[in-house]
Structures are given as structure tokens and as C-alpha cells.
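A.B. asks: Okay, so TrEMBL annotates it like this:
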TRANSMEM  C:33-58  transmembrane segment
TRANSMEM  C:96-116  transmembrane segment
TRANSMEM  C:128-149  transmembrane segment
TRANSMEM  C:155-176  transmembrane segment
TRANSMEM  C:197-216  transmembrane segment
TRANSMEM  C:222-245  transmembrane segment
Amino acid sequence: MADTTTEAGAPVAEACVDAGGSAIGMPQLCTEWYANQIFWLLVTLAAIYFILSRVALPRIAAVLAERQGTITNDVASAEEMMLRVREAEAAYEKSLADARAEAKTISDETRAKIQAELDKELSAADARIAEKTAESEKAISEIRETAVENVRLVAADVAAEIVALMGDKADAKAIEAAVAERVKG
Amino acid sequence: MEGDIANMGQFIGAGIAGLGTGLAALGVGNVAGNFLAGALRNPSAAAGQTATLFIGIAFAEALGIFSFLVALLLMFAV
Amino acid sequence: MATETEYAEGGSGLVFHPLDQFIVKPLFGDGQVYWYTVTNATLWMALSVLGIMGLLVLGTRGAGTVPSRLQSMAEMTYGFIYKMVEDVSGKDAVRFFPYIFTLFLFILFANVLGLIPTAFTPTTHIAVTAVMALGVFLTVTILGFVLHGGTFLKLFWVSSAPLALRPILAVIELISYMVRPVSHSVRLAGAITAGHAVMKVFAAFAASALIAPLAIGGMVAIYALELLVAFIQAYVFTILTCVYLKDALHPHH
């Protein structure tokens, strides 16, 4: 590169570019441009840093924090809702169980009452039946007794008549004894 | 004539330096391939190691870029 | 030495000026470039500032809890770098986040805007990247000594290595520490320069009708690759800054 500066014939303002506007050597190594680039780089970096630290970063951080807050709140309220749902569910289950238990006691009570009434009625009916049976038996036995007595009277009368017809004077006492003996036997 | 020989030397040197770029490509391929092999064996650990992968690639690639730079310097700046 | 025009005259007739795109020119007139001259470098740096304002200030103007598209992008960029600083350098590095974010945004926007045809890319210049890399290097070194005093030098003393090896390792560590700003700056400038130069070479090949379709197809492919490289180099510069910062904040491995 050293000999390019000696090409004094061309009206070149700089050492790194030839007359045709082409680069001599690598433009990256042209020391003439370093100061310019470094200066503007520092200006650029300072500008970017200023924009970032004053405007962009606080804003983005705030947005992210706000979003995080919103999400946290939403999650918390959702959890609360969930808790309430669980509570409501538990209450519902409990009332259902209560109702079921109550229904069971009511049905049990009703059944017991009905059973008791039924038992009472049954025993009353039994008692009535027994009474009736006793009455009937008594009547039957009375009827039987009167029938035996009547047989005895009729037999005695018939025997007395038969004896009278035979021409004999009937002895009432003997006839009666004989009839009693026959009836008994 | 003398300048031609000097030019020839520059170009040959630049070509040889250019080989370094290809060799660096081998290195980068080695890093990436081994990363992939490890990542397929244990995929859950792969995500945490991508930064290491890129650092490794950067170091391997830097040397290739150095040789490319040597080639450029020989071509345009010597 | 021979200039490129001479190569062209002596060569095949194709004219290659792959490095002309990196020339710094005054925007108004053709004078000397002084340190205060408004040049094309100034223009494209200013455009990247405008781009950053567009994304981060106009984009977040609504500041809505439910973000718009642009705001979403701004928040993603913010979250990406914030998480990187936090993960790589540790929680106490968050106070350096604005500086790191500044570097990242400048490099990203300069790289991406530089891909516009006829644009000038400030990050291809070693002067620009070296200032940023030296800034990081000096900040990190001074910070390390301020925070840890002499114990910061333990960074070079690998206590896990055998005692006999430690002095050798210390020399190697010291050299690699000193080379950091060089590799940090040359990586960015070199990668971006390489991409732009390759595109220019392909463009020159496109002048010959025979291989023009191939050259143009190659340019499209390289352009896509360069778009990726523009992001990756910004990312790499930033993450290396974070790594160096971690060394300063927590030098005990």
C-alpha cells in the first residue's frame, strides 16, 4: 500500500481510493477513516443507549410486569372461583346427603307406623274372631245340651207311651232311669 | 517479472489460507454433529445447552475467519 | 501493489471490485473524510438507530397487555437477551443488561440493514467492531479488578490442574484472555465482510451470460445464508460478551 501514495499523477484526495473510485487494498485497513467511524459509532451507541434506558426498556419492563400482574391476578381469581365452586359442590353434596337421610327416616317412620297400625288391627281382628268363635262354641254346646235333654224327654215320653200301649201302667221313675242309661250308653 | 512472481506467491498463499476456511467448516460440523448426537440421546438437556453450542461454533468459526482474513490480506492488502 | 482494475485488465474481462462496497464516502460532496464528516457510515448507523426506535419505541407505543405484532417482537427480543444475560452471566449481571442490549441491537440492525443492496454495513469495519470489543474487554477487566481485586488473577490459575502444569496453563490462559478482543472483533467483521464479498463476487460473475443463472442462484442462496449469519453473529457477539462478563463477576470457575 505504501507505493500508492507515490502515484501522484491522479487527482486523488485520499490514500485509500484510486482515481476510478475503487478501493486500494482493504478499505477496512484504511486508517484515514478510523476516526470518523469511531466517532459516529460512539454517537450511535450513545443514542441507542439513551433511547433504550430512557424510553424503551422501562416501557417494556412495565408492560411485562403489568402482564405478569394481570396473569397472577387472573390465576388467583380463577383459583378463588375454583375454591367457591368446590365449596358449592360440597354444600350441594351435603344437602343431597341430608335430604336422602331425611327421606330415609321419614320412610322408616311411616313404615313403622303402618306396621304398628297393621299389628293393632290384626290383633283386634284376632280378638274379635276368637270372641266370635267362643260365642259360637258356646251356642253350639248349648244347642247340643238342649238337644240331649230333648232326646231324653222325647225318649221318656215315647217309652211311656209305648209301655202304656202295651197295657201296662208305666212307672215313670223306671222309664226315666232306663232312658238315661240308654242315652248315656 | 519479479512482480509477477510476487503476485503468484500472493495468490498461492491466499489459496492455501483459504483451505483454513474449509477446515474450520469441518470443526463447526463436528461441534454441531456431536451436539445433535448428544441432544438426540438426551433431548431434555438439549435446550439448556444451545448457548454452549453457539459459543463452541463461534470459537471454531473464528479460526476459519482468521484464515479467510489472511487470504483477503494477501490478496488485497500486501 | 497492483490494484484490482489491473487484475481486470490482465484477466478474463470480468471486473471484480468485491471490496468497493466497504469504502467510506462523504455523503455530501467529495472532500476529505474528517472525524466529524457525515459519511455513508453515519447514514447507515443512523438508519439502524431509526430501526431500533421503530421496533422498540413505536412498537411498544400502545403498551398493551395484549401486545400487537410489533410489540410482541420487541418483547421477544427483550426477553431473549434478558434471559441470555441472566442465564449466562448470572442474576447480578442484570444491571449490565442495557449495555449488552445496546450492543446486540446495534449489531443486529447494522447487519440486517447492511444486506439491503447498495447499503453500507458498519459492522464490516474492524474499526467499529474493535471499538465495541475493546470496550467490552476493558469494562470486563476493570470490573473484575474492582470487584475482586488481586484475586481476579486467579482466573488464570487453574487450580484443578496438576501443580506442574499450572504455570504453563496460566501463560496459555493469559494469552487467550489477551486475544479475546481480537477474536471478538475480527469474528464479527470477518464473517460479515466475507459474506458481502462473496455476494459481490457472485454478482460480478453474473455479468457473463453463460454462467449468469448459476451466479444469480448462488447469490440468492448466499443472501439467505447471510441473513442467518447476520442474526447469528449478533447473537454470538452478545453471548461472548455475557461469557466475558461472567468471568469478571464470578472468576472462580
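From the backbone N, Cα and C atoms, a Cβ is placed for every residue, glycine too.
Where the annotation comes from TrEMBL, it is an automatic prediction and has not been curated.
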A.B. asks: Looking at the stretches C:96-116, C:128-149, C:155-176, C:197-216, which one shares the most CB pairs under 8 Å with the transmembrane segment (C:222-245)?
C.D. replies: C:96-116
A.B. asks: Top stretch among C:96-116, C:155-176, C:197-216 for CB pairs under 8 A with the transmembrane segment (C:128-149)?
C.D. replies: C:96-116
A.B. asks: What residues in the same chain, six or more past the boundaries of the transmembrane segment (C:197-216), come closer than 8 Å to it by Cβ-Cβ distance?
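C.D. replies: Same-chain contacts beyond the ends: 14-21, 222-223, 226.
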